[in-house]
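Presented below is the structure to which this report refers.
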Amino acid sequence: MAATSGAVLNGLGSPFLRGGSRTQTLLAGARGGVNVVGSRKLVIVAASQPKKSWIPAVKGGGNLVDPEWLDGSLPGDFGFDPLGLGKDPAFLKWYREAELIHGRWAMAAVVGIFVGQAWSGIPWFEAGADPGAIAPFSFGSLLGTQLLLMGWVESKRWVDFFNPESQSVEWATPWSRTAENFANATGEQGYPGGKFFDPLGFAGTIKDGVYIPDTDKLERLKLAEIKHARIAMLAMLIFYFEAGQGKTPLGALGV
């Protein structure tokens with residue numbers, strides 16, 4: 001685009017087309033970006049990219065398509081907020097974290113449902129009641145343990161949401177004597193990175209035992225993750241409807 005604009009300006013400035021001194025003055029100003037002729041200014045401004053919309057072929061128009069409180073800074077922001085849930089910045093932050101966490105659980109659940117049924121042949125919504133299921137704990141013991149552990153983890157996450165990095169662990173692990181592996185290496189809430197949360201270095205590199213985050217990689221992965229998370233949540237919703245009819249995902253695929 002810049003090369004084309006330069007060629008056009010150079011062509012207009014040729015001896016054949018440049019005309020009088022006033023035209024030459026305007027063209028000189030256009031090359032520099034701004035030129036003052038008397039009290040007037042000639043400003044060359046590059047057109048900005050239009051914001052993507054969640055409705056195909058619609059570029060903008062009102063808060064239904066392009067809400068003013070969504071500025072495109074969030075990964076996967078396509079202006080979808082018809083109920084106006086994100087008008088309050090605090091609520092927007094909370095809903096984004098909730099979407100991210102629910103999406104991660106949904107992605108794990110979708111994989112578990114497919115693999116579990118392919119391995120055992122038991123529908124996912126009947127696996128817990130199957131006589132052959134391995135259940136070393138009673139239902140009451142399992143429920144109590146889950147409420148205790150998940151309640152502790154969720155309470156820590158709740159506190160950390162309002163006071164970031166206040167809940168960092170200070171205990172050792174079998175493979176490390178320090179707690180730095182569990183610290184937030186990226187500085188962004190919901191994306192801790194580091195040796196423990198990014199051991200394969202998808203969003204960073206480990207050099208001399210130190211994790212170094214890569215901002216460009218992280219941004220690409222955040223967008224890819226939220227897209228996959230949304231698809232997984234929709235898939236789980238479909239699985240629930242199928243289960244109500246006694247069907248399974250593999251059965252619906254004819255497998």
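Counting starts with 1 at the first residue shown.
Glycine is no exception: its Cβ is also placed from the backbone N, Cα and C atoms.
Pulled from TrEMBL, these are the features on record:
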- Glu99, His102, Glu225, Arg230: chlorophyll a binding site (BINDING)
- Arg104: chlorophyll b binding site (BINDING)
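Listed in sequence order, the residues Leu100, Ile101, Gly103, Arg104, Ala106, Ile226, Ala229, Ala232, Met233 complete the 8 Å Cβ shell around the chlorophyll a site centroid, once Glu99, His102, Glu225, Arg230 themselves are left out.
Listed in sequence order, Pro75, Leu100, Gly103, Arg104 are the same-chain residues at least 6 apart in sequence whose CB falls under 8 Å from the CB of Glu225 (chlorophyll a binding site).
Its own atom aside, the Cβ of Glu99 (chlorophyll a binding site) has 16 Cβ atoms within 10 angstroms in the protein chains shown. Here the Cβ of Arg230 (chlorophyll a binding site) has 16 other Cβ atoms within 10 Å, regardless of which shown protein chain they belong to. Here the Cβ of His102 (chlorophyll a binding site) has 15 other Cβ atoms within 10 Å, regardless of which shown protein chain they belong to. Maximum C-alpha to C-alpha distance over the listed chlorophyll a-binding residues Glu99, His102, Glu225, Arg230 is 12 Å.
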